[in-house]
Amino acid sequence: MAAKPLLLPLLLLLHLSITLAQNDTNALTLFRLQTDTHGNLAGNWTGSDACTSSWQGVSCSPSSHRVTELSLPSLSLRGPLTSLSSLDQLRLLDLHDNRLNGTVSPLTNCKNLRLVYLAGNDLSGEIPKEISFLKRMIRLDLSDNNIRGVIPREILGFTRVLTIRIQNNELTGRIPDFSQMKSLLELNVSFNELHGNVSDGVVKKFGDLSFSGNEGLCGSDPLPVCTITNDPESSNTDQIVPSNPTSIPHSPVSVREPEIHSHRGIKPGIIAAVIGGCVAVIVLVSFGFAFCCGRLDRNGERSKSGSVETGFVGGGEGKRRSSYGEGGESDATSATDRSRLVFFERRKQFELDDLLKASAEMLGKGSLGTVYKAVLDDGSTTVAVKRLKDANPCPRKEFEQYMEIIGRLKHQNVVKLRAYYYAKEEKLLVYEYLPNGSLHSLLHGNRGPGRIPLDWTTRISLMLGAARGLAKIHDEYSISKIPHGNIKSSNVLLDRNGVALIADFGLSLLLNPVHAIARLGGYRAPEQSEIKRLSQKADVYSFGVLLLEVLTGKAPSIFPSPSRPRSAASVAVEEEEEAVVDLPKWVRSVVKEEWTAEVFDPELLRYKNIEEEMVAMLHIGLACVVPQPEKRPTMAEVVKMVEEIRVEQSPVGEDFDESRNSMSPSLATTDG
């Protein structure tokens, strides 16, 4: 008889558990209805229970049947997070690279959250003070959104957090004292509008790049020196501000070129350049602000790669021409409009004059122009500047439209266009500078003694980052179908943390399609030989070639057809006799002959227990390079496939997600 009183509570608990599980399913169903406008989840999210029906991206607790993980990255989801507020057992939320909007406030009800990845969305509003309720938080990534307001001091209450990424937002106010967060291993607040003092220890721990793009921040070198001034909002308190008055937060979109002034302690060569600049200013005033500081010689010799010049566009001996040309059509804009940088951020970063006087190191030349590393006189600002060739005549209005397309795209795996300068004879694009070079140099550079091989973990992490960047481009322009147009290993760059970013987006729009396709070389899709057109499907093909390049270690040029095994003695004769094929055809032929192991880069074969992952990646690459465009996967599908390839890494505890950092022993950080 004693068992009967116990039966009722057990039944009540069972009923409660079923009810809560059903509530989770209802919440996810509402989330899909509110956000899945493209129907990406409709075919899989069927059945009455999210857990027992194995819904895509949903993981549940085996015991309670409650939802514990929701991972739906890069699915073009658009809408608010409101319906997720009832998922109180949720531990991991990964919705990066979608188009989600609204605020993050609903998540403060999810008290068990540990890992939150919401980068690359359209979230706005403020970071709520109630975020401190998430006591178990380990990684928080809200980067590349439109979040405003101050960083709440309550965030310092996180005791287990390892990572906080809130860069590329619109955050304002005083920066909190992050030195109080002893567990914090990674912090990035760059490119916001924060002000205040950053302690020496914090700068050393997280690096100065984690605070760049905030003109109001000050502290130890390379940040501006802090000075104490009277707070304009309160006469009773002092305010710490940078000693440089131009560093006080403000938000102009574009800045006019100031008068050139002298600097104490400048070298004689720079003094001469400044004097020349003053003469140029007089010419500008007289002739409608035609270019300030001279130009590099277009027809004569240019500085070799790696040389350093005093002045970014100064010192050339080539013919100088008026911005109005010789009897040609003049620009419709006023002279003053031609003398300014146009920024895509809400605050001024530097003046055109600063850029023109910066020391410049040529990084390389391409079909569109020359790329320089420019270090401004303040010593703390380094950017990459591309000078477009004159072979790209583009009306101002059309050029500005292209720049708007490129500049409005924000994503952690796409190189950010910070500003541009337009004049009829001079076009400059200013990008963030990435110090670790390109994937091409890592794969093919220094193949001799002393080379540090690029390990498998790094390769798959870099390809996943590149795939996410390209998927974001395709999703952002899914209606207009704007492609990248030039996917290749030299356009996959690495930042200081070893994260891959896609470069050169949109610049193919400035070229004639025939010329744009010609520069693709071995990355060109087969249909582009007949139909001279750039497309997103052709991008997928190029990405597939890139995958094969990473797997084989071979550049996408021509290779002997492996019609039979070749001995060392017969190599020379056979190379003359055998037909040559491109990289995808070469890989297919080797696989067809069942010599799959010969496909892979010998540097990879020394690693154990990765054969399945390499073969899986090979299948993804081959799926991307099928000759028929309509049979190729979308980049969103490619991202999913790459994410499913598991790489053995060194976890640090139950909730440590090492895959969010691409850095590996084969990738050393440099300042380039």
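Each residue's number is its place along the chain shown, starting with 1.
Heads up, the Cβ atoms here are built off N, Cα and C, so glycines get one too.
Residues or ranges marked as signal peptide by Swiss-Prot on the basis of sequence analysis: 1-21.
Per Swiss-Prot, ubiquitin cross-link is recorded for LYS111, and the stated evidence type is a large-scale study or a structure entry. Reduced to three states, the DSSP call for LYS111 (ubiquitin cross-link) is coil. Listed in sequence order, the residues of the same chain lying 6 or more apart from LYS111 (ubiquitin cross-link) and placing their CB within less than 8 Å of its CB are ASP88, PHE133, LEU134, LYS135, ARG136.
According to Swiss-Prot, the repeat 'LRR 2' annotation covers 112-134. Residues of the same chain lying 6 or more positions beyond the ends of the repeat 'LRR 2' (112-134) and with a Cβ under 8 Å from any Cβ of it are 68, 73, 81, 88-105, 140-152, 154-155, 157-158, 165-166, 171, 410-412, 472, 655, 657, 660.
The list of residues near the repeat 'LRR 3' (135-158) in space but at least 6 beyond its ends in sequence, with Cβ under 8 angstroms from a Cβ of it, reads 91, 96, 104, 111-129, 164-178, 180-181, 183-184, 188-189, 194, 410-412, 655-657, 660. According to Swiss-Prot, the repeat 'LRR 3' annotation covers 135-158, on the basis of sequence analysis.
Annotation source Swiss-Prot lists repeat 'LRR 4' at 160-181, citing sequence analysis. Mean pLDDT for the repeat 'LRR 4' (160-181) in this predicted model: 93.
If you look up Swiss-Prot, you'll see 270-290 marked as transmembrane segment.
Marked as topological domain 'Cytoplasmic' by Swiss-Prot: 291-672.
Annotation comment: Swiss-Prot describes 357-645 as domain 'Protein kinase'.
For LEU363, GLY364, LYS365, GLY366, SER367, LEU368, GLY369, THR370, VAL371, LYS386, the entry in Swiss-Prot reads ATP binding site, with the evidence type sequence analysis. DSSP assigns LYS365 (ATP binding site) to a strand segment in the three-state reduction. The 10 Å shell around the Cβ of LYS365 (ATP binding site) contains 13 further Cβ atoms across the protein chains shown.
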Would you mind listing the long-range same-chain contacts of the repeat 'LRR 4' (160-181), meaning Cβ under 8 Å and 6+ residues beyond its ends?
119, 127, 135-151, 153, 187-199, 201-202, 206, 210-211, 213-214, 217, 249, 346, 410, 412, 416, 656, 660
Sparsest-packed among the binding-site residues, when each Cβ's other Cβ atoms within 10 Å are tallied, from LEU363, VAL371:
LEU363
Which residue, out of the binding-site residues SER367, GLY369, shows the minimum number of other Cβ atoms inside 10 Å of its Cβ in this structure?
SER367
According to DSSP, which kind of secondary structure is VAL371 (ATP binding site) found in, if we only use helix, strand and coil?
strand
